[in-house]
Amino acid sequence: MANTTGLNATEIAGSVGLILAVLVEAGALLGNAALLVVVLRTPGLQDALYLVHLCIVDLLAAASIMPLGLLAAPPPGLGRVRLGPEPCRAARFLSAALLPACTLGVAALGLARYRFIVHPLRPGVWPPPGLVLTAVWAVAGLLGALSLLGPPPAPPPAPARCSVLVGGLGPFRPLWALLAFALPALLLLGAYSSIFLVARRAALRPPRPARMSRLRSDSLDSRLSFLPPLRPRLPGGKAALAPALAVGQFAACWLPYGCACLAPAARAAEAEAAVTWVAYSAFAAHPFLYGLLQRPIRLTLGRLTRCALPRTPGTCTSHAWQPRALLQRLQGSPQGPALGPSEAPDPARELAGGQSPSMPEAT
């Protein structure tokens, strides 16, 4: 009876894990595909290339290593399909290359936002985004090649252990954890901490007095306007939302996986399925964290949604990145995107709005 109860509990836990993994897989595919379309239809984004790169990496991971996790996860994992020696090595290479490409891409996006927010008036973009992304993929390819030097897959009676955590890197696991997790975490923490300090300093700065200030009346309303608010709020609290969410999501998703890489192989094998899918949940969280929190992307998403509705066909306007503009961004050229005459920005409308749509803004 006890064995039957334990078996049923294991089956229920496996079924719940399978459902959650399928939801994460669907969220990663649909969310990143939608964000990629919206970013390509939003001209003027300063960090558009980094967002496109992050969407492509997430889509590659959702189409390759996440289905392998569903089908060939080791017991007590989610699947029971056994991979052969060559597919097992291919799975190791993809995991060892795509995970660092994702974490380093997130760090590069954070550094780009730091440069656009803290130093917005510097001419040009240095280093160019093309050079940064080339360095990201060079490191990812090196770490993927190191996975091929690990021990071969186990013979058929034993589990294959095709992941990076268990037997995938051998003696190179500490180096892989340092470059794939520790370095991006430090870069991301430094970038968003600087952004928060600048935003908080700007919030604490007193407003400039008006030159032609009119005389106040001696009414009751004018006297009450000098009173402090009843519920004072912390200066820079709104500015802390985006850095806190970015750093917190990175730590929650990737810290368990990085710690498991440094643990002994036997201990890492016990928690392999859990920490792997916690890390994979970052692919589904990126479209919401780095997409919907930006006001220009929300505006473009709303415009595309209105265009999809059959009631308002007249509201659809052609706004998209041109190939020449994307090439200029990739080379780090300071020129803006090439827009048609109907797509040129209206300075009066931007001044009336109070802020430029090219700056990322968190709600």
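Every residue gets a Cβ built from N, Cα and C, even glycine.
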Where TrEMBL places transmembrane segment among the ranges 124-149, 254-279: 124-149
Beyond the flanks of the transmembrane segment (175-199) by at least 6 residues, Cβ under 8 Å: 96, 99-100, 103-104, 106-107, 110-111, 113-114, 117-118, 139, 143, 146-147, 164, 169, 236, 239-240, 242-243, 246-247, 250-251, 254-255, 257-258, 261-262
Local confidence of the prediction over the domain 'G-protein coupled receptors family 1 profile' (31-290), expressed as mean pLDDT: 79
